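Pulled from TrEMBL:
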| type | residues | note |
| --- | --- | --- |
| TRANSMEM | B:12-37 | transmembrane segment |
| TRANSMEM | B:68-94 | transmembrane segment |
| DOMAIN | B:69-280 | domain 'ABC transmembrane type-1' |
| TRANSMEM | B:106-123 | transmembrane segment |
| TRANSMEM | B:155-178 | transmembrane segment |
| TRANSMEM | B:212-234 | transmembrane segment |
| TRANSMEM | B:254-280 | transmembrane segment |
Amino acid sequence: MGQITLSSVTKVFGDVTVIPPLDLTINDGEFVVFVGPSGCGKSTLLRLIAGLEDTSSGKILIDGQDATDAAPAKRGLAMVFQSYALYPHMSVRKNIAFPLKMAGASVEEQNRKVENAARILNLSSYLERRPGQLSGGQRQRVAIGRAIVREPAAFLFDEPLSNLDAALRVTMRQEISELHQNLKTTMIYVTHDQVEAMTMADKIVVLNAGRIEQVGSPLELYRNPQNLFVAGFIGSPKMNFITGAEAAKHDCATLGVRPEHLDVVEGGPWQGVVGIAEHLGSDTFLRVHVEGIGDLTVRVSGEMGLHHGDRVSLAPQAGKLYRFDANGKAIA
Amino acid sequence: MATEHSRTAARLMVSPAVILLFLWMIVPLAMTVYFSFLRYNLLNPGMESWAGFSNYTYFLKQAAFWDALWNTLTLVVGVLIITVVGGIALALLLDQPFFGQGIVRVMVIAPFFVMPTVSALVWKNMFMNPVNGMFAHIAKFFGLQPFDFLSHAPLASIIVIVAWSWLPFATLILLTALQSLDREQMEAAEMDGANWINRFIYLTLPHLTRSITVVILIQTIFLLSVFAEILVTTNGGPGTASTNLPYLVYAQSLLNFDVGGGSAGGIIAVILANIVAIFLMRMIGKNLEA
Ligand SMILES: Nc1ncnc2c1ncn2[C@@H]1O[C@H](COP(=O)(O)OP(=O)(O)O)[C@@H](O)[C@H]1O
Ligand SMILES: [Mg+2]
């Protein structure tokens, strides 16, 4: 079981309110991603759930039990830190076995569980090494192993992939997703990378300055962002925002259109000049200076023989325009 | 300094300093070795004659030598235990956030700046004096007989005095090490269910081993040659109860005017210090490797 409920949880450091009153329910078995820009309070929120920080007010329930004042070890949660936080003086085996040892498990049980975790994580041949002798990805796996053996009610990950190179990040991302499929344990995953959020999450929680902007499945957030912040944060490349006269034509303060929803066509409504063209092979990203509107990013699939200085005309796809009022709220 | 050329140049450039340092060390050492083979007494100047190993046998055979050897080791080990254990405890305390942390840290370092003679005199006259010392006053306040520390427990008293002046050094080194301990590791251990004793045993102590090794090695070098504290408090007495090797060498050469015997004692002390150093490096030197 691993259902976690936060009700009116706040966190204040000195006179800075990092988390204003916040309510959130995380269901058993869900893969929930907290996503938001750096410094928005994601780690703080995770640490509140873990018990590494005290809440300033509000309640945290784990499986219906009030855990607000419970010690971290008593909450049945396991955390994987950004720095991995492995114990440098212990071998991989001892690192993974540490929580079991602290819980007073017998040596046979420790060995059995450690070897089982090592098999799942492809660490079997590294068990006698020290963390210092492992690569970044292997250290990450050890940290996950140390979390797995505890058989926690929920896993907490704090930007676990941010110290890895791009290729490894993709692999580890898939491994963590697969782990979630196999274990079916609740996972809470913190990241500032919306791609990680989109690819891994069952449910995304978008945070901005400690506030929840929107909660929903990746595609819900992509299709129906409730405000400008979510619209700008989810999706890559970023959604284009158009203000001024062109927006007024559509009865809104800000008009949003995603780069993939702009087509290069003959006689489209928006005329412009290509500033830069990034050719990725599978896609081409164009940065187009449109008169009276500003710069728009356009995503064209496949190769497109356009270059700096070429004149193009753009048309938004039907029904793919997002409208926001003056407060940044989406207009339905 | 990669090329052959630059290496040669570098060797040439450092050679004056190296040669000077070498002479600085070798001349007194050679002279001491030379004197140690002479019958050389300051009361009979100009009467020096070859003595062979008799100075050495004489120095080694006196009962005071074994006392001094034992006292030297007791002093070193005693001070090391107090400073390492006390240093860890103080460092753990100072690592906690509290009001006035900066000032308290400076105050803790202060004893290190007090000269050994001064600190020993302060301890002797203001704390341990059986009539006017603070400990005597405290004892009297509780209706107890004042204890004459320096006459009845001379070596222990000197250990306390020396430990007091070295405690700041140990504390400072260990505190810096503590501050470099990764906070997330501690939090991970906390989540793994380790209480503070386990966190101390499995995380803090292993993290500190290298610094503890440094403290032990550096302090041992200085503690083998403690002298001023003994000179101003007990003069090595009563009897030889607080005489260590340096003090015995001093007594031999300057109180008995026997330069030959003193030099032999000095050479023996150097050899013993090297044995201790080799022993220590064997035992804990591997902690210093990366
Ligand atoms: N222990 C602390 N004391 C004071 N301020 C803190 C502390 N921890 C975090 N903060 C502040 O809280 C805000 C959110 O931090 P954090 O949760 O680490 O952000 P994120 O993980 O989303 O990047 C930041 O502005 C940070 O400066
Ligand atoms: Mg963070």
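Every residue, even glycine, has its Cβ placed from backbone N, Cα and C.
Within the chain carrying the transmembrane segment (B:68-94), a Cβ under 8 angstroms from the stretch's Cβ atoms is held by residues 101, 104-105, 108, 155-156, 158-160, 162-163, 166-167, 169-171, 173-175, 177-178, 204, 208, 212, 215-216, 219-220, 223-224, 226, 240-248, 272, 276, all 6 or more beyond its ends.
Tallying C-beta pairs under 8 angstroms between the transmembrane segment (B:212-234) and each of B:12-37, B:106-123, B:155-178, B:254-280 places B:155-178 first.
Within its own chain, the transmembrane segment (B:155-178) is flanked in space by residues 71, 74-75, 78-79, 82-84, 86-88, 90-92, 94-95, 105, 108-112, 114, 116, 119-120, 123, 128, 149, 204, 207-208, 210-212, 214-215, 218-219, 222-223, 226, 229-230, 233-234, 241-242, which lie at least six positions past its ends and keep a Cβ under 8 Å from the stretch. Long-range contacts of the transmembrane segment (B:12-37) within its own chain (CB-CB distance under 8 A, at least 6 residues past either end) are made by residues 50-53, 55-56, 259-260, 263-264, 266-267, 270.
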